[in-house]
Amino acid sequence: MGSTPLQPTTPPTTHNDNNNVLKSNDVFSQFTATMSMSFPTSSSGYSWGDSSYSNIYNYNISRNPSNNINDDQYRYYDKYNQSASTPTSLGQASSAQPPSGVGNMYYINVTNEMPINYAIPMYGHTMPFLLIITIIANTLIVVVLSKRHMRTPTNVVLIAMALCDMFTLLFPAPWLIYMYTLGNHYKPLWPISLCYIWFVMHEVIPNMFHTASIWLTLALAIQRYIYVCHAPMARKFCTMSNVYKCLGYIMFTAALHQSTRLVESDYEGVEIEWNNKTVHVCNKTTAGWIRHYITEDVYYSFYYLFRIVFVHVIPCVALVVLNVLLFRALKRAQQRRDMLLLKKNKKSECKKLRDSNCTTLMLIVVVTVFLIVEIPLAVVTLLHVLSSSVLSEFLDYHIAHILILFSNFFIILSYPINFAIYCGMSRQFRETFKELFIRGTITNRNGGSSRYSLVNGPRTCTNETVL
């Protein structure tokens, strides 16, 4: 990365005044790679950019040794230039007079990443409070479930989910506060290192943790399904060692999925006339190894199709099916419990069944909350892929950007909810929480409720309640 000559890489684009997004004929170029993660951006550039670009027409390129601009590179675009000013903030516009060397350039500007009228109140005003609540709630979950008597295969997965959800919000939070809370969203990012850090912390890392969280939720549902519906298999598959291996595989695959994004773009520094002054901006283009050896269509088609199939469609469909199966199993178990209540000598068995049912019901609620906030994002992402590749651009991207913004906000809003679910539906969680944080609270576990040991099978009773 550095101040190198800019290279036009795609055919000219046309400006759409309705949604302030530049569109080209490249597959998926109308939307951003962040559609499939937790924090959206909207591509307003001519290439497969993952950050939004402000389109500047008739801008002034300053020629100096630092940017080494060659006018000839932009002659191809001369006839496509328009005399227009580009909004850079609410009530502000950036305009420049065309010099002898004129062209279209797209620099990273956060204002164009999402509908700013919605982004400021959501990410600028509400998000800081959600960040504090999420950090506190998920930290408490980790502390409580990490206690020795709470260590079970199910709880290990819940701890990993809490950490992934917290990191999904924690890494981009400083940037969201800087951009939207402090009102710096309209300013061009500079220097180049800052542009790259913004991309990594705002898109790559949150995307990795959110993908891992989705797969962890699926692993949790599969684990509970095996425990409830195929109990003998629990001795073999639902062990602590297997759970740790599964967590490692999930995190490795999620990181591998995002690894190419770290090197998928090149950044060049140039100077432009912005708001009647000369400023440095980051121009972001698709990396040469993609353009020359793979092509943008192949690279991003594979990326999006992988996310659609393995991050959105398969997990959501599988979770819906598993939730239905678990609910049916729960109903059958409830009927069995009602029958046991009629037999006085079966009270202990009935108690164990009740604890197992409570755990299953709680996990069904956790998965249901997850599906409520994830399915809308999956649907819009799928519509985007269909609109860009199979069907003829039937999707209104102005509306799609708003839907993505609200979907991602509700995902953030759901992060602290699990703590409330655990407190409301798990007696063992409440008891441990009271012991840790409320003075004078002592719980007698010897006479407490029992749990099924996943390691030794469903009929092995111990003196602890699984969450």
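Glycine is treated like the rest: Cβ placed from N, Cα and C.
These numbers come from a predicted model, not from an experiment.
Per TrEMBL, the features are:
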- 1-20: compositional bias 'Low complexity' (COMPBIAS)
- 137-422: domain 'G-protein coupled receptors family 1 profile' (DOMAIN)
- 1-22: region 'Disordered' (REGION)
- 122-145: transmembrane segment (TRANSMEM)
- 157-177: transmembrane segment (TRANSMEM)
- 197-222: transmembrane segment (TRANSMEM)
- 243-260: transmembrane segment (TRANSMEM)
- 304-327: transmembrane segment (TRANSMEM)
- 361-386: transmembrane segment (TRANSMEM)
- 398-421: transmembrane segment (TRANSMEM)
Intrachain neighbours beyond the transmembrane segment (122-145), with Cβ under 8 angstroms and 6 or more residues off its ends: 151, 155-156, 158-159, 162-163, 165-166, 169-170, 173, 176-177, 179-181, 183, 405, 409, 412-413, 415-416, 418-420, 422, 429, 432-433, 436-437, 467
For the transmembrane segment (157-177), distant same-chain residues with Cβ under 8 A (at least six beyond the ends): 38-39, 123-124, 127-128, 130-131, 134-135, 138-139, 141-142, 145-146, 198, 201-202, 205-206, 209-210, 212-213, 216-217, 219-220, 223, 243, 247, 412, 415, 418, 422, 467
Residues from the same chain, set at least six apart from the ends of the transmembrane segment (197-222), whose C-beta lies under 8 A from its own: 33-34, 36-39, 41, 50-51, 108, 154, 157-158, 160-161, 164-165, 167-169, 171-172, 174-176, 189, 246-247, 250-251, 253-255, 257-258, 261-262, 265, 284, 307, 311-312, 315, 318-319, 322-323, 326, 363, 366-367, 370, 374, 411
Same-chain residues at least 6 beyond the ends of the transmembrane segment (243-260) whose Cβ lies under 8 Å from its Cβ atoms: 153, 156-157, 160, 204-205, 207-209, 211-212, 215-216, 219, 223, 299, 303, 306, 311
